Amino acid sequence: MLLSAGEAKNLGPSSGPNRLRDLCTFCTISLDQEEVYRTKVYEKSVSPFYSEDFYFEIPRPFQCLSFYVYAKSMFQIRDLPVGKVAIRKEDLYKYCGKENWFQLQPVDPHSEVQGKVHLEMKLNELITENGSICQQLVVQIIACQGLPLISGQNCDPYATVTLVGSDQKKTKVKKKTSDPQFEETFHFEVTRSSSYKGRSHFHVEEEDIEKLEIKVELWNNGNLAQDVFLGETRISVKILRNDHIHRAWYLLQPKGNGTKSKPDDMGSLRLKVTYTEDNVLSSACYTALRNLMLKSPDVKPISASAAHVLGDICRESVGYEALLPVVRLLLHHNRLLPFLTSVAALELENTQFKANTIFRGNSLATRCIDDMMKIVGRSYLTVTLKPVLNEIFESNKTCEIDPVKLKEGDNVEVNKENLQGYVQKVFTFITQSSSSCPPLMCDVFRSLRQLASKHFPADPHVQYSAVSSFVFLRFFAVAVLSPHTFQLRSHHPDPEISRTLTLISKTIQSLGSWGSLSKNKLVRQLLVIRCFLDEISSNVSKESSGVEDSFVLKEGEVHKRAQGRKRIGKKNFKKRWLRVTNQELSYHKQKGKEALCVIPVKNILSVEKLEESAFNRKNMFQVIQSEKPLYVQAGNCVETNSWIEVLSQVSRCNPGRLSTFHPSAYVGGSWLCCKEPNESTPGCKPCTATVLANIQLDIDCDRETERIFSFFSSNRSRLQKMEDACAGMSVYLGQQEECSAFTIQDPKETFRTIKELGEVLDDLQAHHDSKGALTDEPGTM
């Protein structure tokens, strides 16, 4: 999911005690009631400009995506809710890929619900004590799923059941669970007799039975505090008109089904949501399409391959977005390098550019290489740029050198000195980073050099231009300009830092222009850059030049379970500050305090999720080492995945990494998962992480193939046009006007590929139809 929180307008009432003009605001993003992201706090304004993007995989089912605007107050312990925007999952497609203004709605505790309830209803006939026949309504509360956390912990839920005019009935309280199993049955008698006065029996005409309604409410037992409403559902008894027994899951709804009077104008929020849901079938269903895509690097010419055809037919509708799943699939199967080499060679064959401007446009080849660098080069960017970016953000020195944009009191000479210092640091970090460049990037750069030299044999510098246009212009310069996009910083920079990053990025871009450096006779920089480009595009093994500096990869507040390192003491959960650097994992009582425990990265054997049942807590993960595992609870499901990813990345090359692990904990003398009594017993489940090309990747090939199928399906008419163009070229022996929209070098080979694709796509669509899971356009459900 890709979310963009743009800006807010006219927040809160315009006058009165709740006026927000003097308060700072921020926006949070929640899946159901679980907060997963929040923006920075923005200074006093009723129309703050957030402009923050968030991209994340959704690791669990959800019902509603919500955006909350809060105001921070110096005199209030808790932040003040201003309003919210809530979009149900089934409505996301209406807003997909487009910016929309949403009216803020009031935040009502009785409307903040999530989860579902499983129940059964049936009508029985029975004879009462006075001999009359009545009907008895039997309601069984079976279970619930996905109830919200209360104060970060699993709730203590119970259910109430009410039939109009009768007593309310109540289940037992289930302790510390979001998925309670109730299995409790309640009886409500509906009788014609008016002589019986029990509240569970009431007079109703038989023809009115269908008008009755059952209300089921879920509550969290507050013990000494007030009980908290979790949601309700109402079911009409007429649902039993055709079925003697009705059993179903019902989504919990707000109290009164959310019916409210029209609220005051609370302002509005501009949002852009891009949501993609994949209906993934069994792996065997994708074999034919997957094999056809994996065969692409071997097809001659490359333009006749299934992968290139996909890029061609999707270019008008989604640009080259369709190529990302292709890149990921080929990367997983170690088939990406020959494909990138072939498409780059094709671009050079068709190029009309000068040698010093090759690979500057947005083409199939450049997009594929861009995607490859973003996937495999993420750790490389972190190692190279994160330390200097942290310094830029924290020191916040002014670097403005444009006289028009200078503020009062600014000294242009001091600003110029600040900018030169930052640029020199970034330049040094980049040109000394060759030992960290991923092997696959080095292999691709080497191929680009060879192709460029072959195509422009008279130009000795073109081999360097080919590499610098990618590594400087499309990799480092983009990351400097937008560090939040590459997870190098958690938030967008403020305007002043953003301007500094823009100036540095422009300088980095100039480094990618080999001709510009030569023209300005920057001999020293030329030599340093040339040496760097030689190193990252050679097949010689590179060694680090010295001791690696320590820098922070991720830090934040978590709950950690006591490891039992002391013989005396409870094994409870405590709030701790967790910190990961490229050298160690540590936890602290608070941010900035001394470390309570330090685990060298080289000692980490695996990082995996922990089952909720281990400690009745959600969002748990474990860091497995030679001593006792470190059990950690993250703030939400997205944060859990982020911690696991960072820790797996930094420990990916450790010797002795485990192949199996225990998904639960060792409690009470045995492993909860496999019941083995020996604590040193090897794990009972395979580790999820896989090592590929010296980088940590978790690529679901079935899901990527499903995405490829989805792009083909939504562009089937374009595929047919390309097939017709191939047929026309074969008949008329030449390029026709309708062929100009496609790259067709060999019409017969391309026609053969398209026909094979058609058969494979039809077969896969039949599998979807049989499963009742028709695939829509990407970005819809």
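Cβ from N, Cα, C; glycine included.
No curator has checked TrEMBL annotations; they are predicted automatically.
Summarising the annotation, TrEMBL assigns domain 'C2' to 1-102, 113-250. Feature annotation from TrEMBL assigns domain 'Ras-GAP' to 318-513. Per TrEMBL, the feature domain 'PH' maps to 551-652.
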Residue distribution over DSSP helix, strand and coil in the domain 'C2' (1-102): 7 helix, 52 strand, 43 coil
Residue counts (helix, strand, coil, in that order) that DSSP gives for the domain 'PH' (551-652): 20 helix, 43 strand, 39 coil
Counts by DSSP class (helix H/G/I, strand E/B, coil) across the domain 'C2' (113-250): 10 helix, 73 strand, 55 coil
